[in-house]
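**Q** This is the structure I have questions about; it appears just below.
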Amino acid sequence: MAKESTIRTPIVCVMGHVDHGKTSLLDRIRGSSVVSTEEGEITQHIGATLVPIDAVTRMGGALSKVSVNVPGLLFIDTPGHHAFTTLRARGGALADMAIVVVDINEGFRPQTIEALQILRNYKTPFVIAANKVDRIHGWRVQENQPFLKTFAQQNERVQGMVETKVYELVGKLSDLGFNSERFDRVSDFARNICIVPTSALTGEGLPDILMVLIGLAQRYMTESLKVSADGPGAGTVLEVKEERGLGMTLDLILYDGTLKVGDEIVVAGNDQIIETKVRSLLKPRPMSEILIEERFERVKSVTAAAGIKVAAPKLDGVIAGSPLRAVRSGNRDEVIEQVRREVQDIEVNLSDVGVIIRADTIGALEALSKELEGHQIQVMRATVGPVTRHDVIEAGTIKDPLYSAIIAFNTPVLPDAVDALADTAMSHVSIFEGGVIYQLIDDYVEWRDEKKQELERQKFEKLIMPAKIRILPNCVFRQSNPAVVGVRILGGKLQSGVDLALPNGKKIGRIKQIQAKNETVQEAEAGKEVAISIEGPTVGRQINVDDDLYVDIPERHVKVIEREVIDHLSPSLRETLEEFTTLKRREDPFWGK
């Protein structure tokens, strides 16, 4: 029987645009000298940093008067969307909360907006860190102080600038559908996003960010944070890597239960479920013990929430982002099925025709597919791992050329795939690779739109277009073999190599060449006067001066024009087409339909 549940430490991810201060903020939280005392010391976990509640209350002070049952905050060390979307837990995001870092002087940038969209998709609470407040001209630094204390020390001009910049963020958030306010003015945390002006460089405002996160967890998340302390461990694999003397290891965020040395564990591999036993659990040594040769300290067990390194046999092929479960009291089959189902539950809606997507982790694959779905881009196949030769060949067989593409998120392209791409038979296939989802999608959309225009242009070029011409008086340069006459183009677009017909439908010959100002041209627009050579007729017999002639468009071309390109035709082309089809449909009402 499991003992009574306890409240675990909430897991926090830091997100935001490149260079807005995500890493600096994490570094400041990790290395804050204010809390580096023995009691309530900030401890370094594998892939995460634990800030205990004692440290938070000492930094801010305000929570000391409130009863707090959240043990602290566990920050995932890898900042950015990728960490957030990669780390899943039971179908949702592993992170319980997020900090979105925004440069208060630059405002929202594309990655900021993408972060907010991802958080909205996952229904994850977050706080805005309006960073680099110390860069505002005239700002007086008050190292590590809460925002309101440091704000009170600024002159009126600086205070006014801070207020203006905060309200610019409020306005932008409102445009994106979020209600927000400066954190000290928020009364309903469920309906308003808190904006905390801060400086990762000086530590100003940092206590407030931690306090707001604790407050959010305390008020709205105590139920979802309840775990069974002695229950079987459940976690998410951050990274799979080889360590000297240990072999293959897993960096794991444990979010439920307890994991012990000797526990049987189940984890997802590339194409199979892997069962193995925990050989050792390792924590990084504190900085004070850095001179000790061993980098890791061995522990017998670990309880959620924590970052831990797991050494075990048979870990080759484990997927980053995979769920990991401990087996207890004979529920092995149930756990295997649970892991299999969780991997299969990745929400990727596949279509018969679509792009091929690759990513380095399960969660990243799901995040990419969700964003593609939001842009109405269909996905035919979604797989974890690098881009292979098989992917390129498969993309080359996709019927719709606008989907002959592979999108690779945070994962490499193998050399055999590069070789396959160099084959002339695969020249129509493109690979888009990178570590930022919105950039990948922008690049693909730009390529697709260009390709669409090119295909339409090619289709247009192959079609015989409508034209109506009149033979001009005093412009018969040769009567036959071929007849050479001057004509005015009354409507449409005249092309070389097309057949001509009289208004009664009688075919009279084919245009061999068009000349304008003594130069051969392939086509000429309405209103122009040109000389044409016509194979077939004799002037004075089949054709005469002042005769009107139409380009005799094949029926199949008329069908394509009317169904697919009519909207792209100029008024002159449309009018001439209508005249020509009206003449044809006098005899056969269904001609060209």
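Counting begins at 1 with the first residue displayed.
Even glycines carry a Cβ here, placed using N, Cα and C.
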**Q** What range among 131-134, 155-158, 427-430, 527-530 does Swiss-Prot describe as region 'G4'?
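**A** Within the set 131-134, 155-158, 427-430, 527-530, Swiss-Prot attaches region 'G4' to 131-134.
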**Q** Across the region 'G1' (16-23), what does the pLDDT come to on average, as a whole number?
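**A** Result for the region 'G1' (16-23): average pLDDT 79.
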**Q** Let me know the DSSP-derived helix, strand or coil state of Gly16 (GTP binding site), please.
**A** strand
**Q** Provide the three-state DSSP residue tally for the region 'G4' (131-134): helix first, then strand, then coil.
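**A** Counting residues per DSSP class in the region 'G4' (131-134), I get 2 helix, 1 strand, 1 coil.
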**Q** Once the chains shown are all counted, how many other Cβ atoms turn up within 10 Å of the Cβ of Asp19 (GTP binding site)?
**A** 12
